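TrEMBL lists 441-508 with the feature domain 'BTB'. Taken from TrEMBL, the feature repeat 'RCC1' applies to 112-163, 165-217, 218-270, 271-322, 323-374.
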Amino acid sequence: MATNLNLQSNKEDEDSRSQAAVFIYNTGNASPPLNFLPSPNNPPTPPFSSASSLLTFPPHHHCGDLKLEAAMVDVTKWPLFSLLSSEERAAVRQACVYGTSANEVIYTTHGNEVYAFGLNCSGCLGTGDSVSTIVPKKLDFLQGKKIASISYGSGPHVLLATEDGLLFAWGHNGYSQLGNGTTNPGLSAVAITTNLQNKNVTEVACGSHHSLALTHDGDVFAWGYNNSGQVGSGSTANQPYPRKVCGCLQGKTAVGITCGQTSSMALVDNGEVYGWGYNGNGQLGIGNNSNQLSPCRIATLQGLCIQQIVSGYGHCLALTDEGLLYAWGANTYGQLGTGNKNNQLSPVQIMADKERVVEIAACHSTHTSATKTQSGKVYMWGQCRGQLISLPHLTHFTSTDDVFACFATPSVMWRLVCMEHDDFMTVSEALRKEFDSPETADLKFSVDGKCIHVHKAVLKIRCEHFRSMFRSQWTEDQQEVIEISQFSYPVYRSFLQFLYTDSVDLPPEDAIGLLDLATSYCENHLKRLCQQIIKRGITVENAFTLLSAAIRYDAEDLEEFCFKFCVNHLTQVTQTEAFWQVDGAMLKEFISRASRSGAFKN
């Protein structure tokens, strides 16, 4: 879907962008309440996530994809990934969520297969059509290739550079932003080679409807929409093919590129920053708001060695090699972090009172900013889930990617993220793996003649019953094998496994025995889980058995649920074997209670 922007306006206007229909609702972790801001003093409790859902960003040099440490990203915070099975998520190696409403995703697997799914506005999935899909489709043209860089525009159009230096493009092409010399929609990916033959493309960047590519030799190429000079050609004529950006960049070696909606920036190897294109909000940082048709150096940064630059919709952030942070441009949403909403025509330092900054994050489709400091603290500001935050706000997040997943509008990925090393496991995954493992266990439970291998430390940490048991005055503390006769093997094994995994997988009938155990051990959370299993598995045949168990274990909510089910299916329930096997007192009580509820009225 093409977006119509008032590109010459001196005012940010996010609402002027056409929004695609919402493809999938933000739910769960991806949608914090609008009046809630995470902080170390007010953190939500996230669920354990499997290692298959954890991603980290790849190594890179100066812009966008700077590698600092193994900060993990839980991709399930982006709602689209909830459509994948755990097995499919385990196969993901790289991923990027993009689009006007963050409703498209492209990802690669460990087998170097590339898939895409989502709303597919303007054919931006590259699947050969414009049909939306919730089932991942393989992109055969990228078979066996590894993604080095990916970026997306507002149409959206997509640019992708492979690790072997090839450039592909697809999606919206109303302004020749695909660089193939036409304005025809790009439903399928095409290799862009004009003026790039024998050039090894290492990085790509997209504005709203224009494109940049950085080569291994440090040259910058630009093409597409050029009404404000964002292609850097010295004119405002649209550029249908990649064209080398010269002017002040001539003879310079660029090491990073980034785009605002209609502006372009380049970082060169000596730490200088150059900008060109639309400048109505001061996003070029040159001290005025005049558009620039060719690159112009940001003089205010003279004497500073810039290490990383990123662009938002109409603002920019720059990070020096000393960890100092500078911001300039549009500030309608507080995205500069200066404490007000005044635009800045030249770079100003922010977060001067904070510790060294090691990473900055922004995206041309949002008004959100984020940083990470040396100790791993993550700050965010700007437009955050509809709220205006004009000063950097300390969050509970461990990655800047989490800020964009949970608080940016749209909740896109601001960079390509890559899977953590294959041998990495989260704490929850490690515990899950070691349950009933003879190699590492230091204790065995014997139930019905079968052994279950566990770890004393885990049991003491997770359960008050075992904390009390493994004290010197208890005989069990000295035993290597503890006999259990009160509960069956499936029930006790499920209980111990729950302590390692926080989950229960039992049929309703066995869940009754686990409910008994949970009651005996005062495990209230486990008791609630058992009740949920029983409720979801109730049938006419087992309803009265489950009702009897609920009464026996004093589970009032479950008892009420089972009783109503029995009354609603009274004729069938009274014909089951379980109904006539209960003791007379309970049967009388049920009949009396059912009568009082009107079950026997004509």
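Cβ coordinates come from backbone N, Cα and C, glycine included.
No curator has checked TrEMBL annotations; they are predicted automatically.
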Tally of DSSP helical, extended and coil residues in the repeat 'RCC1' (218-270): 3 helix, 23 strand, 27 coil
Tally of residues which DSSP labels helix, strand or coil - the repeat 'RCC1' (165-217): 0 helix, 23 strand, 30 coil
The repeat 'RCC1' (112-163): DSSP-derived helix, strand, coil residue counts: 6 helix, 24 strand, 22 coil
